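Notes to accompany the following structure.
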Amino acid sequence: MLKAVVTDVDGTITDQRRRISTCAIECIRTLVDAGVRVVLASGNTPCFMNTLTKMIGTDGTFIGENGGVYRIGFTGDLQVRGDQQVCWDAYHLLKSHFDQQGIALELFGAKERFADLALARNVPVDEVRILLSNSPVQVLDTGFALHLQSLFISKATALEELALTLALPADQILAVGDSENDIPMLQWAGTGIAVANARPAVQTAATHVTAARYGEGFVEAVRHALPSLFERA
Ligand SMILES: O=C(O)COP(=O)(O)O
Ligand SMILES: [Mg+2]
């Protein structure tokens with residue numbers, strides 16, 4: 001049986017308006033009660049993830065900032081990977097460019113971030129990518145925000161470290177996601193499932209795509225990968 005489920009948050013256990021899916025919460029609690037470790041893996045800040053894990057009811061393990069940070073359990077130290085300074089340098093380059101066009105960049109939760117930066121999607125992502133093509137950052141479009149992240153950091157690099165510490169083999173992990181920031185972890189995990197609302201590139205990277213969207217898709221993914229758990233329920 002799979003030992004861990006790693007799930008994206010926005011667009012996977014929430015809808016497009018970020019309203020959390022109650023059926024996804026119920027499903028996560030069923031997993032936790034059955035002894036399956038559930039790791040929430042998101043672009044969100046550690047502060048947000050700490051609260052979310054507490055209120056959903058997992059053991060507090062999370063990946064945040066698209067792999068820039070992770071924590072094991074509620075009492076684990078926050079592990080920070082990547083270099084936020086290169087993200088700030090990239091941000092200032094973008095800011096001076098878009099200021100000239102009269103477009104104000106909007107940062108999300110910058111004071112609560114340690115590794116990446118998140119911006120409102122009020123600027124064209126293709127233009128941002130061209131402007132930063134010589135910068136040591138990657139641009140991730142989650143559908144909810146644009147993230148500036150150090151190269152070679154992803155939800156998968158955090159998951160790999162976390163799995164090593166917890167002695168979880170990749171083939172015993174199910175990963176579920178919806179956006180390009182999830183592709184590396186969907187490919188790294190033994191089973192990578194995309195919800196139906198996932199972008200085409202994400203669906204291509206997955207081993208299976210659900211018929212249902214958002215939270216219902218997450219539940220379908222878990223039932224697909226762990227049928228025995230629900231037969232017993
Ligand atoms: O922070 C975002 O932009 C979206 O986060 P997600 O990785 O949970 O979808
Ligand atoms: Mg998402």
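Just so you know, the numbers here start at 1 and follow the chain as drawn.
Cβ coordinates are placed from backbone N, Cα and C, and glycine is handled just like the others.
Quick caveat, the model's predicted, so the values are computed rather than measured.
Annotated in TrEMBL:
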| type | residues | note |
| --- | --- | --- |
| ACT_SITE | Asp8 | active site, nucleophile |
| BINDING | Asp8, Asp10, Asp178, Asp182 | Mg(2+) binding site |
| BINDING | Lys155 | substrate binding site |
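Annotated features, which come from TrEMBL, shown on the structure.
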residue: Asp8; record: active site, nucleophile; DSSP (3 states): coil
residue: Lys155; record: substrate binding site; DSSP (3 states): helix
residue: Asp178; record: Mg(2+) binding site; DSSP (3 states): coil
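Taking a Cβ cut-off of under 6 Å from any atom of ligand 2, the recorded positions Asp8, Asp10, Lys155 reduce to Asp8, Asp10. Comparing the recorded positions Asp8, Asp10, Asp178, Asp182 by how many other C-beta atoms lie within 10 angstroms of each C-beta, the top residue is Asp182.
Taking Asp8, Asp10, Asp182 as the recorded positions under consideration, the smallest Cα distance to Lys155 (substrate binding site) is found for Asp182. For the pair Asp178 (Mg(2+) binding site) and the residue listed as 'active site, nucleophile', the Cα-Cα distance reads 7 Å.
With respect to their backbone Cα atoms, Asp182 (Mg(2+) binding site) and the residue listed as 'active site, nucleophile' stand 7 Å from each other. Checking the recorded positions Asp8, Lys155, Asp182 against ligand 1 with a 6 Å cutoff on the Cβ atom leaves Asp8, in sequence order.
Those same-chain residues not listed among Asp8, Asp10, Asp178, Asp182 yet with C-beta within 8 angstroms of the centroid of the Mg(2+) site C-beta atoms are Thr7, Val9, Gly11, Thr12, Ser42, Thr142, Gly143, Val176, Gly177, Ser179, Asn181, Val195, Ala198.
When other Cβ atoms within 10 Å of the Cβ of the residue listed as 'substrate binding site' are tallied across all protein chains shown, the result is 31.
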